[in-house]
């Protein structure tokens, strides 16, 4: 061992003293006063900001939601059972952010962006704030491009445009999620990235949805954000905002995205739970006063933005492209009561609603869409030309049928015109039925609607209408593939297409008996 003389030792000590960094680091630190039900009260965080992340020992984080005179109320994002009174809590100076980017596609993540599908870590390069301000009026563009759901009753009667917010509302177990999942499946190959946000659902239900999306090749363009029924209430109410941020990444880069919130009723219940635990005053149905703002600030973020907005956000990398985020929020009603607090709120925020009815579902009309109460306020201008032309008379036929069906229950003898309208309405109602996971192309839909409008179904038995439709689609695909391709590509409706549809249907009817 080398011997050091006393002068060298003193030199080394001097060097170490000179290198010593004694700059003080100011950190705002408080003490946990109480922990209960995922809510933490902290004393001493005078500089805490609303929505700021708070760090506890053991890398547990919370979010500030209450700013009181002598304490701060925060929700714990994770396992609050590890926290105790007297522990320290530190301000981070950051707001909640989640990972964003194309790396998330095909993955299942929790509301904080942590993967929960067992497929390894995420290699995302960017993060973005969960709470963001919606695009202003000047940066928006009118909705004029369709989102094809592949469902006849929606695309023909309640069309949805890119950048629209269309509410799906109805009682439990009548096919609300099925409509949303079919829409996601139908976006395959259409350049639309989908985000499915599951809020407060059973883990088995979420797993089943993911499995179905994988079976139909839809996970290749879908991100699933899952906050199960067993997850803490703060995670359930944050899930929607996290999913929205992930969808906005694509919107702000000139791409199209679709987000499904399944469902916002459970999000409102989770937010009510958090608010009551934070001792905020309850209002109607015990919801807090800002439950309208909870949903409005979320749904206003779904929009179609103009090319200038996209160019500005991408620093000039993307030019001349508009972006869109289309929202399909789902609301569950109790006993068909759409006048409850949360349903009326969301109806007033969205650009229309698809109303599902229990009676229709039980009588075999699936999807169980009530054409009279369902409406799309902006989708008409985004509808494909051929579907707009052929779909108008379908809605009219169904409206007249409902009116006459109610009247005919009391009338014993009906005149010929009324009887014909009733029979036509029965066939159109039957034609609007569609199996789950079997979305139709624009051309297939056009063929079905044309057959209904031009009276080709009038001599077909009501019970055989769907068999007739299946056989017709198979015939048109084999004999008139060019015509179907032309309709799918252009979406137009001219004399040539009309003549092609007419001759195809006439030939089909002449070769087969129904």
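Glycine too: its Cβ is placed from the backbone N, Cα and C atoms.
What Swiss-Prot says about this one:
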BINDING   170, 171, 172, 173, 174, 175, 176, 177  ATP binding site
SITE      374  site 'Required for activity'
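Listed in chain order, the residues near the ATP site other than 170, 171, 172, 173, 174, 175, 176, 177 are 332, 356, 361, each with its Cβ within 8 Å of the site Cβ centroid. Using a 10 Å Cβ-Cβ cutoff, residue 170 (ATP binding site) registers 27 neighbours. When the binding-site residues 170, 171, 172, 177 are ranked by how far their Cα is from the Cα of residue 374 (site 'Required for activity'), 170 comes first.
Here the binding-site residues are 172, 176, and the one with the most other Cβ atoms within 10 Å of its Cβ is 176.
Most buried of the recorded positions 177, 374, judged by other Cβ atoms within 10 Å, is 374. Listed in sequence order, 356, 357, 358, 361, 368 are the same-chain residues at least 6 apart in sequence whose CB falls under 8 Å from the CB of residue 174 (ATP binding site).
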